[in-house]
Ligand SMILES: Nc1ncnc2c1ncn2[C@@H]1O[C@H](COP(=O)(O)OP(=O)(O)OP(=O)(O)O)[C@@H](O)[C@H]1O
């Protein structure tokens, strides 16, 4: 609730307008039966034309005001709820960019998608329904009670009692339904996760003939959701039925009692018409509020889930007093990146992924990290970009601890090509300019040439329109190798001091791999290069090679030096030569 209020606050003018319009609408709607009652009583008493005409005119004005305010508040409510949802989505997305890889994994991709899309949608619909179904209630109830008591205090008390019954019923059912709705949202996450997993791995499912098993798993997930929904809806069906019963009992009682008072001359027949209208309108809005209450537990749960992400303090944050990296440059000896006795353990792991790792990368030099599967190579790349924080030791860029600078500054100085190439939907040009919007054709062309992408993208110097070539989500309209080459080109555009390749050559054939490394050597004269790789051929000619084994440095040096003195390296070379 507090979350929604926080997002309504910037829209306070719109929110105030909605409250005023709703109040005016309620009063105007209830004045219609009031003037109708006057008209009936005047007619029954054989009143003059002018008094009856005045009542008719007042009824017409009240009708116009009621319909005008209803239309106006409809527009205002739509605007308010859409703006609140927009701002929440913006903040949720911004937060997901702030979160570290570990923080993000705590929520999971499926849940983050559900929270950003479906949960905020539920909040938007609930906010809009709240304004239509709940907000008028206090104005309707207050005005109709005042008007009822004006006609007959006894009927006024009867109406108050009927409303109290309907409200108590609503509160009881709301309390009982809340846990069910919490469970429903969790099940929705589960459906999202299972669907995402199955749709992403649909070919694996087919190739392994697991269609029936996966269908059964999906069925179970959908069935769980359906059963819980039915239980929740059953509760609200009971609420509806009981409320109708209370309302109809009240109207029957009111007619019975009113007949008696009319006979006693306490009020006229017009008063009875007005009282019935107040009761019907008022209880109708209470019923609407109950329908809204049916949605409330779910909306509150969605708001809680959105707030949970927004309130999450990123485990990796910028320092309060960051070092200004605007004029930062490599150290006098050319050093750009240094791992100083770095150790790292994943928060939920029982062993260190890296222990006492020390090495450096310098301008004009290629440093490589090699090791078997799970030896900690990608973790080195992650720490260089501060996607994780070293548990012990220091990672330094230009002699400054990466924890002491803004992450944006770090990422401006370091270009990164991840293991699994990912392109954004759009065009080739938009993808290439991801790090630098202002990059010119010459720079793009150089990046395409170095990354060996020109042969399949085309020559942008003679035909710049190839930059408009569409890229599908994730780059799925390119082959794995082409995607890797384009993501390398993207990282080469724009200024950087260090380029980190995290096993980024694995999908390339040997000839392309070799051509790319040759081109890189020529182009990277003013930059430091860190290559994380499994293939010896990719790093054989590196200026410095760090060999990792179970997260520890098993040896460092050039290829020849390591062949002389590092058993682990010799073993890696031998295993790949045998292949
Ligand atoms: N999110 C995680 N939580 C816990 N442990 C992890 C996590 N990610 C990786 N690890 C563990 O950390 C170790 C190093 O992983 P890393 O991804 O750096 O290895 P790698 O050398 O890059 O492997 P590969 O060549 O297969 O990609 C492995 O033992 C791995 O199981």
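Along the chain as shown, residues are numbered 1 onward.
Glycine residues also receive a Cβ, built from the backbone N, Cα and C atoms like all the rest.
According to TrEMBL, the protein has these features:
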DOMAIN    17-298  domain 'ABC transmembrane type-1'
DOMAIN    337-575  domain 'ABC transporter'
TRANSMEM  12-32  transmembrane segment
TRANSMEM  52-78  transmembrane segment
TRANSMEM  130-149  transmembrane segment
TRANSMEM  155-181  transmembrane segment
TRANSMEM  241-263  transmembrane segment
TRANSMEM  269-289  transmembrane segment
Among 12-32, 155-181, 241-263, 269-289, point out the range having the most Cβ pairs under 8 angstroms from the transmembrane segment (52-78).
12-32
Could you tell me the mean pLDDT over the domain 'ABC transporter' (337-575), as a whole number?
89
Close approaches to the transmembrane segment (241-263) from elsewhere in its chain (Cβ under 8 angstroms; 6 or more beyond its ends):
152, 154-155, 158-159, 161-162, 165-166, 169-170, 269, 271-272, 275-276, 279-280, 283, 286-287, 290
Surrounding residues of the transmembrane segment (130-149) on its own chain - C-beta under 8 Å, 6+ positions past either end:
18-19, 22-23, 25-27, 29-30, 34, 73-74, 77, 80-81, 155-156, 159-160, 163, 274-275, 278-279, 281-282, 285-286, 288-289, 291-292
